Amino acid sequence: MSGDQVRADRAGLWFGPQPDVAGASGYPDAPPRMGFFTDTSVCIGCKACEVACKEWNAVPEDGLELTGMSYDNTQGLGADTWRHVAFIEQRKPFGGQQPGVSHDDVDVFAAASALGTDAASPGPGATTPPAGAAPAGAPAGEISPVSPDGRTELRWLMASDVCKHCTHAACLDVCPTGALFRTEFGTVVVQEDVCNGCGYCVPACPYGVIDQRKDDGRVWKCTLCYDRLGVGMEPACAKSCPTESIQFGPLEELRERAAGRVAQLHASGVTDARLYGESPDDGVGGDGAFFLLLDEPEVYGLPPDPVVTTRDLPDMWRHAAMAAVSLGALAVASFARRPR
Amino acid sequence: MSDSDVTREGLRGERTQREALTGAKAGRRRHRRGRGGRGGRGGRGEQPMVPEAEFSSYYGKPVLNKPTWKPLDIAGYLYLGGLAGASSLLAAGAGVTGRPALARPAKLGAAGAISLSLVALVHDLGRPARFLNMLRVFKPTSPMNVGSWVLSGYAPLALGAAAVDLTGRARRVGSLATAGAAVLGPAVATYTAVLLADTAVPSWHEGYRELPYVFAGSGATAAAGLALAATPAAQAGPARRMAALGAALELGTFQAMKHRMGLSAETFEQGKAHRLLRAAETLTAGGAALAVLSGRLRDRRLALAAGAALLSGSAALRFGVFHAGVASAKDPKYTVVPQRERLTAREG
Ligand code: SF4
Ligand code: SF4
């Protein structure tokens, strides 16, 4: 436990909660910490954010390919993708229960050819059963098949991912040149004229965000539109989001809003809803960009329990120092004459 | 074209190959904890310790961005740093105990290796000015920054020591430089372990407690190998002992590291990393044995063979560790499963 004690003492510097991120980085009168709250429950996967980000920040095209894995052809965050919309197609298992109805034995083509010929048929163009004709357990007027709790069996999860602007950002901590810095808004930004392309920040980021651009060797990532923030504008992605899935504002306020949204979703029976990255007690001291998810983080390609690597850095230096001493001792032993 | 090419069986004239997988089927993969028992030598035939766990990922895509470092540059850089650092220790010891024939190759080895390692680093960065860029700040949270400072202190000392040895002039300065290089040498050899461990790459980070010792041992075997190959048997005694001690340190701590690491040790036992690390083990152990034998038999050819084996064994170790890390970053399993287990344990 003493190790934890030592850690707690150092907390705030390299890991743990840090209420005044900008202040700790030397901004005495910093504005409130700004961030993103991405509510994936209302995301419609339109990718307006991806496009707006590219346009505003002049991010180059990064390969126009069809991956075939889903509607997501961007695949992940990288040097030339600062916003990435994930599409997850799910057959959601219903806790071992069968959905209200099963159409396994129904030949839909035969059924379609009989459309309009049957008195009971709603006729062409109808997509939902009329009220009262719905199978037991399904709310009237909804698409079947539905589960007893009223949701369709196949669902799409969409989530717009971005740099988390971590409270304790591994990328920033390990950068040997100081190219990555903390802004007065508490966000993390790369200065492209200082970055020397060592690539150290790339494997350091526990979220797989920052990456090296092949042709210039330097690294790039979301700046939370630092240039726009400076003149009181909101980031391009948030501005362009038609459903307000991406919300921008003071982090404190966003956290409150997010807690309210989760409560609302839980009350209406969406028990999967959970926040990700909002807690100042998590392994990175809380994210400046956090999310409302409808499934486990790893389903969206996010790490379930990320920890900033610098939490262990004092330990690492200690072990390296002891190893260096051992090497010295080993050399001394090599020169010491063996006792005869 | 009045009718569609799409029929119930798929495109007309084509046969549906497979059904697209969605959700639960596409994203979730079975993960088998096959590595029971000790040493991890193929888990075949053993019962899994825990029932197969399901783990989710986003279409099998990695969670982390994989290191962009070029293997030859960076693994080479790690190797040469170890070789240089430990060589400086041999050089200083040889100076103190009056073994000029051991001191010279050790000093030249240290100077050559550190120059080459800087070349490798600059090559990875793209241009020399970028190395100097790293000295614009001092940042203890960045092992690469600390390393740059250590190197810029060490390299002139190692080069100076070698130059004095070759020219025979300014001997007082020479012994100061030799001593200075010996003080900084061990740091040059071990800081590279922190360089790798201070990342989110599972197979590098998880081993952070033992990796510096592995690198220290591996640096010692490399330096001993070089000295053995270039020193007459009469003065090579310390190099032989360093080979044996270094091999014991490297191999012992590497085993301990694998045992402690859990799932992320798996990448040490797979693919390219496995082949390299198995070679490293054989070469280092064999090289150390040959080194001891060469002392007994006073045979130059044996010493040469021992030196070659030790040098290549140490290189294979660095490349093996490098590739294992890259492999662990590419597979989301190594990121997700341990974190999920940690989370579940914490939530009770
Ligand atoms: S998510 Fe990664 S790139 Fe973004 S601030 Fe955190 S560590 Fe840096
Ligand atoms: S690649 Fe650039 S931003 Fe990243 S650690 Fe190196 S110098 Fe810093």
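For all residues, glycine too, the Cβ spot is worked out from N, Cα and C.
Automatic prediction, not curation, is the source of TrEMBL annotations.
Features of the protein shown, as given by TrEMBL:
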COMPBIAS  B:1-18  compositional bias 'Basic and acidic residues'
COMPBIAS  B:26-38  compositional bias 'Basic residues'
REGION    B:1-49  region 'Disordered'
TRANSMEM  B:74-96  transmembrane segment
TRANSMEM  B:108-126  transmembrane segment
TRANSMEM  B:146-166  transmembrane segment
TRANSMEM  B:173-193  transmembrane segment
TRANSMEM  B:213-234  transmembrane segment
TRANSMEM  B:302-321  transmembrane segment
Item checked: Residues of the parent chain within Cβ reach of the transmembrane segment (B:146-166), under 8 Å, 6 or more residues beyond its termini -> 81, 84-85, 88, 91, 103-104, 107-108, 110-112, 114-115, 117-118, 131, 134-135, 138-140, 173-174, 177-178, 180-181, 184-185, 187-188, 191-192, 195
Note to self: Six or more residues beyond either end and a Cβ under 8 Å away: which residues meet both conditions relative to the transmembrane segment (B:213-234)?
What the structure shows: 78-79, 81-83, 85-87, 89-90, 99, 101-102, 105-106, 109-110, 186, 189-190, 192-193, 207, 240, 242-243, 245-254, 257, 284, 287-288, 291, 294-295, 298-300, 303-304, 306-311, 313-315, 317-318, 321
Notebook entry, point to check: By Cβ distance under 8 Å, which residues at least 6 away from the ends of the transmembrane segment (B:108-126) in the same chain are close to it?
Noted result: 69-70, 72-74, 76-77, 80-81, 83-85, 87-88, 91, 151, 154-155, 158-159, 161-163, 165-166, 181, 185, 188, 223, 226-227, 230
